[in-house]
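Undergrad: Below, the features straight out of TrEMBL:
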DOMAIN    20-47  domain 'C2H2-type'
DOMAIN    48-75  domain 'C2H2-type'
DOMAIN    76-103  domain 'C2H2-type'
DOMAIN    104-131  domain 'C2H2-type'
DOMAIN    132-159  domain 'C2H2-type'
DOMAIN    160-187  domain 'C2H2-type'
Amino acid sequence: LRRNRPHSDPVIHETKVKPFKCTACGNCFSRASSLSYHKKIHTGEKPFKCTECGKCFSQVSSLSYHKKIHTGEKPFICSECGKCFIQASKLKQHKNIHTGEKPFKCTECGKCFSQASSLSGHKRIHTGEKPFKCAECGKSFSRASFLSDHKRTHTGEKPFKCIECGKCFSHASTLSDHIKIHTGVKPHKCTECGKCFCQASHLATRNVGNVSFGVFKR
């Protein structure tokens, strides 16, 4: 009988018993070692150091994940589009984009998202929280990606290049608008005169000008 028992306790595995509770936040764990690792988040202890850059982490798994940034290793590949990821969990969430699945729901407004990070960023709209602050000007943002975009206004960096004419832009959205000049796509239509524009900003500028000169006055 003892010989046929699995390596792990079947009762703990099946019922997902988590007897090890964190006294600081109430989070529960199935292993004492997991609780021990978790506690370092509260104490601020970061014993795991990256030999490449010296950055320290509270958990060995976080260090392991970080190291892949230096090696460029992305072993988890999406079979749909070929995009690669450092973690299996990141690939799993990415696949929701292809399947259309949106399992992450906002409890405030009911809006659903394909990725947990998208929901996390969205929640800050409700709370008004803007934890990502620009060191240059002090402006704060709700998402790290928004701060990253903003920083380019200070650095002048323009990493998004048009393959048609070589013109560079600081934001992906600006490049996307610019490409419409080459393709001839004009999705922004004036409701007053019916004229179409490549960019929303061009339509807005025209409307402001027409209102100023009384073109749309009836």
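Any Cβ shown, glycine's included, is placed from N, Cα and C.
TrEMBL: automatically predicted annotations, no manual curation.
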Undergrad: What residues elsewhere in the chain lie close to the domain 'C2H2-type' (48-75), defined as a C-beta under 8 angstroms and at least 6 residues from its ends?
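TA: For the domain 'C2H2-type' (48-75), the nonlocal Cβ contacts are 37, 40-41, 84-87.
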Undergrad: Which bits of the chain, at least 6 residues beyond where the domain 'C2H2-type' (132-159) starts or stops, bring a Cβ under 8 A of a Cβ in it?
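TA: Non-local partners: 121, 124-125, 168-171.
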Undergrad: Cβ under 8 Å, sequence separation of at least 6 from the ends of the domain 'C2H2-type' (76-103): give me the contacting residues as numbers and ranges.
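TA: Apart from its flanks, the domain 'C2H2-type' (76-103) reaches 65, 68-69, 112-117.
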Undergrad: Work out, from DSSP, the number of helix, strand and coil residues along the domain 'C2H2-type' (132-159).
TA: 12 helix, 4 strand, 12 coil
Undergrad: Please count the residues of the domain 'C2H2-type' (20-47) that DSSP assigns to helix (H, G, I), strand (E, B) and coil.
TA: 12 helix, 4 strand, 12 coil
